[in-house]
Amino acid sequence: MLWKYVVILVAFAYLGVMFGVAYYAEKRAAAGRSIINNPWVYSLSIAVYCTTWTYYGSVGRATTSGLEFLAVYIGPTLMAFLWWPVLKKIVRICKTHRITTIAGFISSRYGKSLTLSILVTVFSVVGIMPYISLQLKAVSTSINGLLQHPEMITPAPSIVLWSDTAFYVALIMAAFTIIFGARNLDTFERHEGIVAAVAFESLVKLLASLAVGIFVVYGLHNGILDIFDKARAVPHLDTLFTMDGNDYLRWSTITFLSAMAIMFLPRQFQMMVVENVNENHIKQAAWIFPLYLFAINLFVLPIAFSGILRFPFGGVNPDTFVLSLPLSAHYHVLAMFVFLGGLSAATAMIAVTSIAISTMVSNDLILPLMMRFGVLRINRQKDFSGHILKIRQITIIIILLLGYINFRWISGSLTLVTMGLISFAAAAQFAPLILCGIFWKGGTRLGAITGLSGGFAVWTYTMLLPLFSQSGWLPISFIEEGPFGISILRPYQLFGLEGFGWLEHGVFWSLLVNIGGYLIVSLVAEHRSSTGHIQAELFVDVFRPERRTSSWQDNFAISDLQKLLCRFLGDEPVERIFSLYSRAFAGSIEEKGDLVDYAEKILAGSIGSASARLAVASVVQQATVIKDPITAEESIRESEARLQAIMDNTSTAITLKDTQGHFILINRKFSEMVDMSNEEIVGKTDYDIFPEKLADKYRENDRKAQQEGFPIQVEETIHHPDGRHTYLAIKFPLYDTSRTPYGICSIATDITERKRSEFDLQKSHDRLKQALEDTITAIARAVEARDLYVAGHQRRVAQLAVAIAREMGLSDDQIEGVRMGAMIHDIGKIHLPAEILNKPARLLDTEFALVKSHSEVGYEILKDVTLPWPVAQIVHQHHEHIDGSGYPHGLQENDILIESKIVCVADVVEAMAGHRPYRPAKGIQKALKEIEKHKGIYYDPKVVEACLRLFNEKIFTFEEKLHS
């Protein structure tokens, strides 16, 4: 009894941890520090693909079909090579058009068709039920197995509702999904908490599978070779690893289905596309995810063989070997960890699937129908967000209850893998519409409806209805004899096609009808609406600059459109949206048709493409544009040709790159600049054309423009056959109507000649400056030559003054002015008699008055000399005090230049520290005390503080020795 409580307590504690992870992620996101914007988290979230089918079912499959279980993982691994061109394109389309469900994607591609939206949603719900049942079955079986320990025979599940663990698992998962997946409306439908929890659970199930694998190999046996040697003695085991023609066909079928399922199962579309926050994460995921698949399947065969050896009489379900093996060896802690891994695999799948399906049901089924039939009156109700959330929350509960019912009364007797393959085959029906739709403009709405309806009808007949027959809901004769005894209609031998397994047979017929119907009808019936044609263009050419062609009239009131958005999104978000749109288009909303397209995209993120179109249509009428698609294409081509002609006739180099750095459009000037043709450049990156160092610089400038969000001006160099050229480039990001960046534009002008002129001018300026400095130095030496006691005084004053100016943070130009002024601050002494300058005794008043005049004399000498700095004023004022007690004019604080204040302090410090004819040197410390004592009286406080810091903290010393 205690063990049962421990199991229940641990399960609830783990679910609590999962809630905590989700809550923490959402809290971080609200603070602007997302933890899911990381390639490792993205890759781990994609591992929601590995459900209990992988965790438990792969081992069960290996015991009956050998290596066939690997086909489920080979498909996604091969598909990963196509993620960059295919998945990236799907992600870009969804971001550009605010698409948040697979139903919305298909509906939007084919003219925003309500019919397709409903069909995809219904088919998704029906197709995914076996998969949800699979998870509930696996969790129920594992919990029951733990609760029945030490009895190793797998117990039959309870059919009493209140004692059925699967029922409670369904309710708990409904609560978790509602809390973190259906609490509010988001125009991007991203769920930080769910993604973080799924990534965490992927890590747990991987560690658990590795732990039980290591235990089986090295705890129960003496290594892998020991297990394989013992397995050879098991009768008929070797037959699992022999293959005939049908086996190869089955392998190929499962590989193909899994390759499609990794992208087109609703939960995978949710994780890989909708929850993607950075397209570059796809690159890393393309190798991280296959590594994950390899690691989680590393010990499948050893566990399968060990289970066969340990439970030889079939009393234990092979699907539970992963859990039964540690339990049988009484490793309860490990068994509990393994159970949590399985719980992780199931809960992650159920949560993500429930979000994806509930969003589809609300956005692409219920809301459109309610609006179409007037149940939801848009013009009368003020706020729909509450209705939408309630619909989603109720849908989540219904989906999980339907999954429970399916598990309990329809597919409960099937193996985990069989149930999963049925759902895979359902998801594969979406592949032709999506893959053809993003690369072929000819696919039409009618073709999509025909292909999808036919494919799902055949899938239902050949795969789903036989489940009802096997469960007793239909007579078994339906499978064996066909309906009404018509043998040609037997679901497993349809139209007499025999010799195939049920899976290969059903996939062949369903996809044949699907693809055939789609292609034939699309080729026969062209696009019947302008919207269908526009959407085909936008999807196929998503990486080209967006041509903003609106399909709406502009005879409406903007206030009506704003009110419509407020009803679904709330007032504050709508205010931000309109403000953002205005900034994106030159500060004013002028093109009303474009505004409607923008509003429709925003709305589609919350209520789906079909619902958004119906909602917008309630206040805006559609325009009758592009009646003739061929004429429209010709018009577009003519516009592009005119644009190219204008660009080619400019003297500047113009380029347009996508966000990944590939050249999309260039003009003739740029071709000449790099000496390459248009065909050699378009589609390439900087690294294909320029040396790596230059390419690094160009890409760094592009990234800077993207980050800044507005035009930047940079200088870039290119090596020409005639030498190195410099260009002044203006770079700026380009946005579509939803403010999603789609490229970088660069306009570059050759400034090589200007740079050469600037260089020559700078050289001349440097020569003149050097000549001026030499002249000033010569004058300073001439002054000092008349006074031996102050030899080097002016140079030392200049050194200290420059250090003070630098410490105060003055500009380089001001510092240079201080240096020049200090170098000749005593130039006026040149008129004083030598006997006064060198008099050893104290000066008479008349003599001192004559000395004080040197500032005036210096000013008179320099005032007519044109210099780039106020040198004459510095010389004139360097004996002025801020309290007005200085000379020659008794100027006060605000009338004295800062340069003069600095030279004044430097002059006092140097003079007091050195020897003079009429007194011995007083030393640096007394000089510093003097300026500190009169700080704020004679001397500027900031200048004094800077000087004190130089001596007390930065250990300033004069370069020339002081006279002592």
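Placement of Cβ uses the backbone N, Cα and C atoms for every residue, glycine included.
Because TrEMBL annotations are produced automatically, they should be read as predictions rather than curated entries.
Beyond its flanks by at least six residues, the transmembrane segment (6-25) meets 34-36, 143, 146-147, 172, 176, 179-180, 192-197, 200-201, 336, 339-340, 343-344, 347 of its own chain at Cβ-Cβ distances under 8 Å. The transmembrane segment feature in TrEMBL is assigned to 6-25 (among others).
Panel annotation: around the transmembrane segment (37-57), residues 69, 72-73, 76, 131, 134-135, 137-139, 141-142, 195-196, 198-200, 202-203, 205-206, 209, 261-262, 265, 267-268, 271-272, 275-278, 280-281, 283-285, 288-289, 292-293, 296-297, 319-320, 322-323, 341-342, 345-346, 348-349, 352, 415-417, 419-420 of the same chain, lying at least six beyond its termini, place a Cβ under 8 Å from a Cβ of the stretch. Under the heading transmembrane segment, TrEMBL lists 37-57 (among others).
Among the features that TrEMBL reports, transmembrane segment is placed at 69-87 (among others).
According to TrEMBL, the feature transmembrane segment maps to 114-132 (among others). Remote same-chain partners of the transmembrane segment (114-132), defined as residues 6 or more beyond its termini with a Cβ less than 8 Å from a stretch Cβ, comprise 51, 102-104, 106-107, 265-266, 349-350, 353, 356-357, 360-361, 364-365, 368-369, 372, 399-400, 402-403, 406-407, 411, 414, 419-420, 422-423, 426-427, 429-430, 445, 448-449, 452-453, 456, 459-460, 464, 467, 608-610, 613-614.
The transmembrane segment annotation in TrEMBL covers 159-182 (among others).
Long-range neighbours of the transmembrane segment (194-220) within the same chain, counting only residues 6 or more positions beyond its ends whose Cβ lies under 8 Å from a Cβ of the stretch, are 18-19, 21-22, 24-25, 35-36, 40-41, 44-45, 47-48, 50, 55, 177, 180-181, 227, 271, 275, 292, 295-296, 298-299, 302-303, 306, 310, 322, 325-326, 329, 331, 334, 337-338, 340-342, 344-345, 347-348, 351-352, 355. According to TrEMBL, the feature transmembrane segment maps to 194-220 (among others).
TrEMBL lists 248-265 (among others) with the feature transmembrane segment.
Here the transmembrane segment (286-309) has Cβ contacts under 8 Å with residues 39-40, 43-44, 46-47, 50, 54-55, 58-60, 62-63, 67, 69-70, 73, 76-77, 80-81, 83-84, 202, 205-206, 209-210, 212-214, 216-217, 220-221, 224, 227-228, 230-231, 234, 237, 316, 318, 321-322, 324-325 of the same chain, all six or more residues outside its ends. Under the heading transmembrane segment, TrEMBL lists 286-309 (among others).
As annotated by TrEMBL, transmembrane segment applies to 329-362 (among others).
The annotation transmembrane segment is assigned in TrEMBL to 391-410 (among others).
Within the same chain, residues 51-53, 56-58, 60-61, 69, 72, 86, 89-90, 93, 102, 105-106, 109-110, 120, 123-124, 126-131, 133-134, 137-138, 254, 256-258, 260-261, 264-266, 319, 448, 451-452, 455-456, 459, 463-464, 467, 503, 506-507, 510-511, 514-515, 518-519, 536, 539-540, 542 sit at least 6 positions outside the transmembrane segment (416-439) and bring their C-beta atoms closer than 8 Å to a C-beta of that stretch. Positions annotated as transmembrane segment by TrEMBL: 416-439 (among others).
The annotation transmembrane segment is assigned in TrEMBL to 446-468 (among others). Sequence-distant contacts of the transmembrane segment (446-468) (same chain, six or more residues past either end, CB-CB distance under 8 Å): 106, 109-110, 113, 115-116, 119-120, 123, 126-127, 130, 410-411, 414, 422, 425-426, 429-430, 432-433, 437, 474, 478-479, 491-492, 494, 502, 505-506, 509-511, 513-523, 525, 528.
What TrEMBL lists as domain 'PAS' is 639-709.
Annotated domain 'PAC' per TrEMBL: 712-763, in sequence order.
Per-residue pLDDT, averaged along the domain 'HD-GYP' (768-963), amounts to 82 for this model. The domain 'HD-GYP' annotation in TrEMBL covers 768-963.
As a summary of secondary structure, the domain 'PAS' (639-709) carries 42 helix, 9 strand, 20 coil according to DSSP.
Looking at 69-87, 329-362, 391-410, the range that has the most CB pairs within less than 8 A of the transmembrane segment (248-265) turns out to be 69-87.
Taking Cβ pairs closer than 8 Å, the transmembrane segment (329-362) reaches residues 3, 6-7, 10-11, 14-15, 18, 48, 50-52, 54-56, 100-104, 120-121, 124-125, 128, 131-132, 135-136, 138-139, 142-143, 146, 149-150, 169-170, 173-174, 176-177, 180-182, 189, 191, 194, 197-198, 201-202, 204-209, 211-212, 215, 219-220, 266-267, 269-271, 274, 322-323, 388, 391-393, 395-396, 399-400, 403, 607-608 in its own chain, all 6 or more past its ends.
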